[in-house]
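Structure first, then comments.
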Number of protein chains: 2
Amino acid sequence: MDEFELISHYFTPPNSEADIDRGVYAGIGDDCAVLSVPPGYQLVVSTDSLVVGTHFFANSPADDLAWRLLGASVSDLAAMGAIPAWISLAITMPEVDHDWLSLFSSALHDACNEYGIQLIGGDTTRGSLSLTATVHGWVPAGMALMRSGAKVGDLLCVSGTLGDSRGGLYLLEQQTQDDGSAMDSVSSDAQYLLDRFYRPEPRIALGEALIDTATACIDISDGLLGDVEHLLKASKVGVEINADCLPYSAALGRLVGNKQAISWALTGGEDFELCFTINPTNELKLQSIRHETGLPIRVVGSITSDPNDRVVRGIDAEALSGYRHFSQPANGRPSKE
Amino acid sequence: MDEFELISHYFTPPNSEADIDRGVYAGIGDDCAVLSVPPGYQLVVSTDSLVVGTHFFANSPADDLAWRLLGASVSDLAAMGAIPAWISLAITMPEVDHDWLSLFSSALHDACNEYGIQLIGGDTTRGSLSLTATVHGWVPAGMALMRSGAKVGDLLCVSGTLGDSRGGLYLLEQQTQDDGSAMDSVSSDAQYLLDRFYRPEPRIALGEALIDTATACIDISDGLLGDVEHLLKASKVGVEINADCLPYSAALGRLVGNKQAISWALTGGEDFELCFTINPTNELKLQSIRHETGLPIRVVGSITSDPNDRVVRGIDAEALSGYRHFSQPANGRPSKE
């Protein structure tokens, strides 16, 4: 057994008896994990990679990477309305770094506990640093929230605040330009934005609550405009977004000004909030979901019938550059591509 | 959508209507795939990475890599006695190389068809070349072949021939030492060994046939001694192996001589044959499984009661160097560690 096989020991869950029964008949340690999906449920599966130099800086703290990987992966489960169940993890690293592994695996176990997801296996190999997670969840059969169900007249909603992760990345980029060293002390605004970048909170409870309310759902990983585009394509509908309604944090506004904050709320990726559509008759239900989840949920637009409609009201044209499908309204009427 | 998102189009299965119903409610294209496990079955899951410089040479043909990835991954399903169902695939590559992607994805679809496994999603990112597959299969509930069930007196069996993949690697290493160019023409022996390296055949039908016959099973990825070690540890038993019974191919014998061939049959990895244990009363059944699968199956040893027993008969001591648990018998009696 070489060192790379030995490091799998870091990933044996500290408690063999999980608090929550996740149907794990055999976890780490055989050729495969053996698992049971509860009767009446379907399985949902998603795979995400985080690669050094592409998704994170080489000096990123190992514990932050674990939280970021879990947050981003589990967010895909939340976007389907699923209950997190299992995760398998492939780690490629240039050499066995026990300090890094200790910090990473400890944070990984914390994140797994936080999200109620159980590590069931994986692979550790030598190579350039990268992390690939395949997450599994359960959803009542036939009830998964798809991108494809948005209907004309539906309200377009988003949870939380948008653009924060982009703000955190901006701070990290600034730091890299300065001297490359870690920030010793940062303001509470900066810490908030860095946490939003490194430790996104997957909206699991919101996804579950939306299962019989939302008509379509996606998580915001590419940025609102990019992800809405996926939802519109899948649903074959258009949209009109009101930029004045976009939720962004006071911290982001203070860091870069309101104009930039709105632009990043539209285009900044990796906030891992949920973007979903509901029938207007469900607005009251939305109120109770806000109360239940403790999350701000904002109506930011509405679904239109023309699949080419991509209108954003209340914003400068320059903020939409790079998003060729989207435009401002012409003469107050929705413009067509 | 950037180029790395676009390449996901290479991986959309050519036929949306699969020949075999694999319970895929939604495949590639949403936040998650949505899947159904048949009633009465458990799910088995395994993750494997192939990394450039660690598992393969940078000049490896893309189609061979696809077959190797699928063969190695699906072999873990076979070792559980499972029916292959789904695969998700993370590809990290330094730049979008359409020739490479075209060759790779075409071979991937062929391999998926060959093994009856459906591609359900994945991730494509920029970075050093690596491939991570998470494969899923189904097994009748409670019937998965584990490593842990070997009993004292059981026969230790292996399928096919061992050491061939090590022979293929040897040829590739020779070639790299020569001039680094691809081999233009190779002998049929060499081609056979290279195919065994690049295109291992997962023993799916054998695994399924063993479900109610074998007491324990593992696939040979680390080499027979390494994998038997896993099986013994999990089953808390010992073993006595008869090296004279080890199956190796005539091609390997001709390439490196019989002595080296036996050594590689013991220690060479990545043959992806199955190694399993059966109660001696099942030897007749083994005969019908040989007939059913068309595979040679050889009894190569037997399970002993002392968990420290690691005896190999009929081989020079030097062939066991590096395998400190294993030894030759002392005075004809099994030696203890």
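Glycine is no exception: its Cβ is also placed from the backbone N, Cα and C atoms.
In this structure, B:Asp76 (Mg(2+) 3 binding site) is part of a helix by DSSP. Spatially close to B:Asp76 (Mg(2+) 3 binding site) yet at least six residues away along the chain are B:Ser46, B:Asp48, B:Val135, B:Asp219, judged by Cβ distances under 8 angstroms. Per TrEMBL, the feature Mg(2+) 3 binding site maps to B:Asp31, B:Asp76, B:Asp219.
The Mg(2+) 4 binding site feature in TrEMBL is assigned to B:Asp31, B:Ser46, B:Asp76. According to its DSSP assignment, B:Asp31 (Mg(2+) 3 binding site) is coil. For B:Asp31 (Mg(2+) 3 binding site), other Cβ atoms within 10 Å of its Cβ number 28.
The Mg(2+) 1 binding site annotation in TrEMBL covers B:Thr47, B:Asp48, B:Asp123. DSSP assigns B:Asp123 (Mg(2+) 1 binding site) to a strand. Of all the Cβ atoms in the protein chains shown, 22 others lie within 10 Å of the Cβ of B:Asp123 (Mg(2+) 1 binding site).
Annotated ATP binding site per TrEMBL: B:Gly122, B:Asp123, B:Arg147, B:Ser221, in sequence order. B:Arg147 (ATP binding site): 24 other CB atoms within 10 A of its CB, across all protein chains.
Reduced to three states, the DSSP call for B:Asp222 (Mg(2+) 5 binding site) is coil. In sequence order, B:His230, B:Gly269 make up the list of same-chain residues 6 or more apart from B:Asp222 (Mg(2+) 5 binding site) whose Cβ falls under 8 Å from its Cβ. What TrEMBL records for B:Asp222 is Mg(2+) 5 binding site.
Averaged over the domain 'PurM-like N-terminal' (B:29-139), the predicted model has a pLDDT of 95. The domain 'PurM-like N-terminal' annotation in TrEMBL covers B:29-139.
The domain 'PurM-like C-terminal' annotation in TrEMBL covers B:151-312.
The Cα atom of B:Asp123 (Mg(2+) 1 binding site) lies nearest to that of B:Asp31, taking the binding-site residues B:Asp31, B:Arg147, B:Ser221 as the candidates. Neighbour counts were taken as the number of other C-beta atoms within 10 angstroms of each residue's C-beta; across the binding-site residues B:Asp48, B:Asp219, the minimum falls on B:Asp48. When the Cα of B:Asp31 (Mg(2+) 3 binding site) is compared against those of the binding-site residues B:Thr47, B:Gly122, B:Arg147, B:Ser221, the shortest separation belongs to B:Gly122. Across the structure, B:Gly122 (ATP binding site) and B:Thr47 (Mg(2+) 1 binding site) place their CA atoms 13 angstrom apart.
The Cβ of B:Ser221 (ATP binding site) lies under 8 Å from the Cβ of B:Ala72, B:Ser75, B:Asp227, B:Gly269, B:Glu270, B:Phe272, each of which sits 6+ residues away along the same chain. The secondary structure of B:Arg147 (ATP binding site), as reduced to three states from DSSP, is coil rather than helix or strand.
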